[in-house]
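> Annotations per Swiss-Prot:
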TRANSMEM  38-58  transmembrane segment
TRANSMEM  79-99  transmembrane segment
TRANSMEM  117-137  transmembrane segment
TRANSMEM  148-168  transmembrane segment
TRANSMEM  178-198  transmembrane segment
TRANSMEM  201-221  transmembrane segment
TRANSMEM  228-242  transmembrane segment
TRANSMEM  244-264  transmembrane segment
TRANSMEM  286-306  transmembrane segment
TRANSMEM  321-341  transmembrane segment
TRANSMEM  355-375  transmembrane segment
TRANSMEM  389-409  transmembrane segment
REGION    419-439  region 'Disordered'
COMPBIAS  421-431  compositional bias 'Acidic residues'
Amino acid sequence: MADRPRLPNNSSQTGKVFSRSSYPEYRRILSILRTETVGGALLLAATVVALIWANSPAADGYFALRDVKIGYEPWHLELSLGHWASDGLLAVFFFLAGLELKREFVAGELRKPARAVVPVAAAVGGVVVPALIYVLFNLGTAGETLKGWAIPTATDIAFALAVLAVINTHLPAALRTFLLTLAVVDDLIAIGIIAFFYSTGLQPLMLLAALVPLALFTFLVQKRIRSWYLLLPLALATWGFVHASGIHATVAGVLLGFAVPVLARGKKGEPAEGLAEHLEHKLRPFSAGFAVPVFAFFSAGVALGGLDGMGAALRDPVALGIVAALVVGKAVGVFGTTFLVTKTTRASLDSSIAWIDLFGLALLAGIGFTVSLLIGELSFGAGSAHNDHAKVAILAGSLISALLAAVVLRARNRRYRQVQADEERDDDGDGVPDVFARS
């Protein structure tokens with residue numbers, strides 16, 4: 001049988017979008033995706049446990065645990081466990097998001113405008129179209145429901161990767177890079193939405209006070225100091241002041257992440273990895289394996305009330321808008337924007353992928369969970385009827401999107417295996433797959 005033709009490496013060709021990155025970047029992306037895949041499985045398990053417990057005869061125990069308050073009241077930090085999970089643990093998740101955002105803009109796929117324009121446009125389309133669809137479903141209702149317009153705008157990369165693991169698909173490097181880049185830009189937009197639209201009772205003095213520990217943290221990390229006993233207290237102080245300022249505390253995580261340098265200086269004695277990579281390796285397992293699953297456990301539990309209760313929840317315009325926005329809006333926004341930008345510019349697809357592959361990823365982008373649940377709580381308040389209906393809709397819309405994406409991507413798995421074989425071939429034995437060695 002004749003050898004399959006090798007696929008060219010288009011990463012350096014101008015006008016190519018969704019092309020392979022460099023081999024070191026490819027390996028870094030694989031490492032991130034592996035960790036997030038495990039995290040996605042734990043996230044799914046935590047969600048299932050929360051739903052079962054919240055709908056069992058012992059449901060009162062679940063809600064009592066979620067509402068247990070701990071902390072120091074004089075500092076306004078006596079919060080329920082549910083709030084500690086959303087305000088505290090998710091700050092670690094957003095710290096890593098800040099690190100990843102800075103890396104992408106400084107040394108990753110987003111540093112070159114020609115390569116950044118399509119994933120950035122796709123992410124924007126994946127936010128704008130779902131938001132518009134949600135608003136259309138809620139125009140004729142009381143103004144309160146319109147506050148949830150941002151709920152279906154986020155994509156959960158961990159859940160999406162868990163779905164890919166379940167269907168055992170072998171995404172080409174170009175698609176993996178696009179998926180991660182899309183998620184990074186999506187996180188940036190979500191951070192902006194939370195900071196500008198869901199901050200209440202702004203306290204300028206507290207915000208100014210937060211700048212002091214943030215500045216000290218920035219000074220230390222710029223000097224490549226990585227001592228946890230210096231950095232951790234400053235990070236906690238920054239978080240505490242931002243929390244007291246009225247801006248959602250997770251924004252502190254992003255600001256701290258932005259402060260960390262992503263490039264190693266390469267001086268004598270400098271570790272092989274930069275400080276950002278060091279912190280990422282230390283914190284990503286904690287974030288994916290503990291912080292996000294615990295948040296999901298406390299946030300996903302909702303008393304469904306059987307089939308009748310689910311039916312009533314899904315008849316709420318809030319729920320209808322979320323489901324339609326996740327399933328239809330995300331796919332149309334991501335795929336449609338990508339198609340339009342590509343066709344109206346000199347860009348073209350990498351030879352390893354086709355438009356049907358991008359449509360499958362666009363469907364996968366409709367899996368919104370972690371940030372969607374957070375925005376739902378910020379929009380309607382934890383425990384409110386609209387928030388409970390939003391939770392049901394997020395679960396339903398994400399499930400439908402996952403099933404549709406699985407059908408499309410699974411059908412392409414044979415092609416993906418062929419591409420993967422080419423991407424792993426190393427005929428010259430230099431330790432770098434041949435497809436990455438070509439310029």
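Backbone N, Cα and C atoms are what each Cβ position is placed from, and that goes for glycine too.
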> At an 8 Å Cβ cut-off, counting only pairs 6 or more apart in sequence, do the transmembrane segment (355-375) and the transmembrane segment (286-306) clear the bar of 3 or more pairs?
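Contact confirmed: at least 3 Cβ pairs fall under 8 Å.
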> Flag the pair the transmembrane segment (117-137) / the transmembrane segment (321-341) as in contact if three or more Cβ pairs fall under 8 Å (sequence separation 6 or more).
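Between the transmembrane segment (117-137) and the transmembrane segment (321-341), contact is present.
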> Can you name the far-off residues of the same chain, 6+ from the ends of the transmembrane segment (148-168), with a Cβ under 8 Å from a Cβ of it?
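Those are 33, 36-37, 39-41, 43-44, 126-127, 130-131, 133-135, 138, 179-180, 182-183, 186-187, 189-190, 193, 197-198, 288, 292, 318, 321-322, 325-326, 329-330, 364-372, 375-376, 379-380, 386, 390, 394, 397-398, 402, 405-406, 409-410, 413, in sequence order.
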> Quick one: find which recorded stretch in 201-221, 286-306, 321-341, 389-409 has the most Cβ pairs under 8 Å with the transmembrane segment (244-264).
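Between the candidates 201-221, 286-306, 321-341, 389-409, the best contact partner of the transmembrane segment (244-264) is 201-221.
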> Using a cut-off of under 8 Å between C-beta atoms, tell me which stretch among 201-221, 228-242, 321-341, 389-409 contacts the transmembrane segment (79-99) the most.
228-242
> Is the transmembrane segment (228-242) in contact with the transmembrane segment (201-221), using three or more Cβ pairs under 8 angstroms as the rule and ignoring pairs under 6 apart in sequence?
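Yes, the stretches contact each other.
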